[in-house]
Amino acid sequence: MADTRTFRVDVDDDGIRLDRWFKRHQPDVNFNLVSRWARTGQLRVDGKRVVPGERISAGQEIRLPPVEPDKERRPRRDKPRRDPLTAEETEYVRSMVIYEDADGFVLNKPPGLATQGGTKTTHHLDRLLDGLADDDGNRPKLVHRLDKDTSGALLVAKTARTANLFSKSFSGRTAKKVYWALVVGVPSGDEGQIDAPLSKQPGTGGEKMQIDEANGQPARTRWRVIDRAGNRAAWVELQPLTGRTHQLRAHMMAIGHPIVGDGKYGGQDAFLTGGISRKLHLHARRLRIDSPSKGKIDVRADLPEHFAQSLDMIGFEIAAGDAAAPQRQQRAPRTAKPKPDSRRGERRTRSNRGRK
């Protein structure tokens, strides 16, 4: 179609709903019109039909039909201005900075802070980035996300150019992210790889994932046991080889070892007794990524207080976490398969749906 319009999803819009993208970038197009375009197949993302509530990803191409007559459009309104940050909020976000160069910042995101806002989320990191703006008012840009209750290393770019370069590193899997997790029980063996496709679990509004070998997107996670506490718990290192939503949480639950504090996936089985915190024990410990100005960024983020206290209470030495893994003989990594009762929709945890 000669007059078809196309737009590329920016990194700042990664993960938002399609209808929210219209509010940001096409505010004169009303929701009824967006719905009609979707219903008639005129609205496409990467060539596929979509619905207004579908979530989009950075780099995807949105195709719109030709401009409609003015009667179907609403007057353009200026975007509401964000309230300026308080001095406390500015100090708060600056206290998160653990690395800075000419290209960006690495922050140690605390648990409980959402990366981006939503309908009911007004306190989030994206808003706080105003506190890291330069003298000309240019604010950093999000490059990737961490779940609200996941803590640790998070990269933000200083310019759109470097945001694009960093995004390519993440999408091309040249960036390396290493997570620490405390899990219930002890995986069999010292290390392995989980290869279990994931899809959105029906009835959860896209807020929960499930193992779906028939229709899921490929998802792979490497794991290594750092230390064990009998059969009670294990401290593990996790490296996502793909970047699916809730990948680490869903994968550890799938092999029968939910992350401590992850009631969403593990239900009551995800909590330990003996005074161990009920908060999620998942932390982005290390980030390595190519940097245009420095060659390579390699940063470690300290554990949040509840995670460090839990390791200490169980008897683990934090220094052991960064020790190099023992030399291994050359062999194919052992692949962990999902437990039979979690292979199709996580039947074990269905009764716990909705718990946070």
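Cβ from N, Cα, C; glycine included.
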Region 'Disordered' according to TrEMBL, located in which of 115-140, 193-218: 193-218
Set of same-chain residues at least 6 away whose C-beta sits under 8 angstroms from ASP147 (active site): THR115, HIS246, ARG249, LEU280, LEU282
For the domain 'Pseudouridine synthase RsuA/RluA-like' (105-252), the number of residues DSSP places in helix, strand and coil: 26 helix, 57 strand, 65 coil
PLDDT averaged over the residues of the domain 'Pseudouridine synthase RsuA/RluA-like' (105-252): 94
